[in-house]
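> Mind looking over this structure? Questions follow.
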Amino acid sequence: MQFAEIQEGDSRYIMHAYGRFPAALVKGKNATAWDTKGKKYIDFTSGIGVNCLGYSDPQWAAAVAAQAAQIQHLSNLYYSPVTVKAAKALCEAAGMQRVFFGNSGAEANECAIKIARKYSADKYGEGRSQVVTLQNSFHGRTVTTLAATGQRVFHEKFLPLTEGFAYAEPKMESVRGAVNAHTCAVLIELIQGEGGVHPMEKQFVQDLAAFCAQKDLLLLIDEVQTGIGRTGSFFCYQQYGITPDVVSAAKALGGGLPIGACLVGSKCAQVFAPGDHGSTFGGNPVVCAGALEVLSRVAQPAFLEDVRKKGAYLRSELEKLPNVESVRGLGMMLGAKPAAGEPGKIAAACVDAGLLVLTAKDVLRFLPPLTISKAEMDEGLAILRQVLQGFAG
Ligand SMILES: *Cc1c(COP(=O)(O)O)cnc(C)c1O
């Protein structure tokens, strides 16, 4: 298929929910992709933080293909060995007790919210169902996770949303003000990704954890973007020195296959009973085979050490680039604020020049595959330098 035909078919048959860059990617290897015209791109996005092992990692592809050829789906009415292996590896890496598998980040957060409400209803009865989230957060696109998302722009066209959400600033004073007798949980990201790559202050997070423990409010951490090695620890909360009650993960967990996971510690390990929650595809063997390969590599200390090293290198190189005002983030989740030029226009110019980058609010956002090579990073940085220079005032 020629590019023009692809673009026409996309426009004709796919709902116009996305703005796309003019490239159809058909092949990839680690952090390098090629389009229909054979043009090469260095990838600083990993498909919005998904392809943690890069494009089509051979071991990952072999594990997925082998499972597809063995048995691809069996419903949650039966036991699945590969699903158990993935669950065990994930719980051990997280220091959590149990997991529920779904298919996306939004679903993982829906599960977290249901757990919080049921925990509270079981223990305190009705009327304690409100969840406090943060302003500028992002938790998904379903009607309930939109309600959890503290950004009015996402709400406007879809009212009424699910009731029972209140929004606070990332300050204890503001959280205390939003919490009342009806509150059952607080849900936060440790680095607001879609909100512009804003890391939370360590003191705030630790104070929040102590406050939640004292009030028996569940602390729900959305690690959909920050999880699975992205920030240099397996989960970001491991760097913040806290233990959440519930953790959601998705994006990178399947290495490119759709999976979401909601993990719980001891407080919530018994909340769900048969019939309380479910998902047709949840824990699918093919997807779990991909996740197991991801977990067996990313959860290793040496792999995480490498992420921290590469993240530090990328950060220091970004700071040296022309037209970069500041860099923020952790590990390989970084945002660079340009001194001049709109992030969207700079990103489009990057794609044109052979570099895939993301944006979030006022920053260019970088989520490269965790396996990106030094040569690929340098090649991408050279393209970025050229493009940024062109936008300098
Ligand atoms: C991407 C993202 C989501 C939503 O994940 P989907 O898989 O698109 O539903 C939720 N929370 C955070 C922090 C995210 O980055």
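Note: Cβ is positioned from N, Cα and C throughout, glycine not excepted.
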> Say TrEMBL lists Gly105, Ala106, Asp222, Glu223, Val224, Gln225, Thr280 as binding pyridoxal 5'-phosphate: which of Phe138, Phe154, Phe158 is in the same site, per that record?
Phe138
> Out of Gly105, Phe138, Ser279, Thr280, which binding-site residues lie by ligand 1, with a C-beta less than 6 Å from some atom of it?
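The binding-site residues passing the 6 Å Cβ test are Gly105, Phe138.
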> Rounded to a whole number, how many Å is the Cα of Ser279 (N(2)-acetyl-L-ornithine binding site) away from the Cα of Ala106 (pyridoxal 5'-phosphate binding site)?
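It is 13 Å, counting Cα to Cα.
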> Do you know which of the binding-site residues Gln225, Ser279 has the most other C-beta atoms within 10 angstroms of its C-beta?
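It comes out as Gln225.
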> Restricting to the binding-site residues Phe138, Arg141, Asp222, Thr280, which ones have a CA within 10 Å of the CA of Lys251 (N6-(pyridoxal phosphate)lysine)?
none
> Please report the distance from the Cα of Asp222 (pyridoxal 5'-phosphate binding site) to the Cα of Arg141 (N(2)-acetyl-L-ornithine binding site), rounded to the nearest angstrom.
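About 14 Å separates the two Cα atoms.
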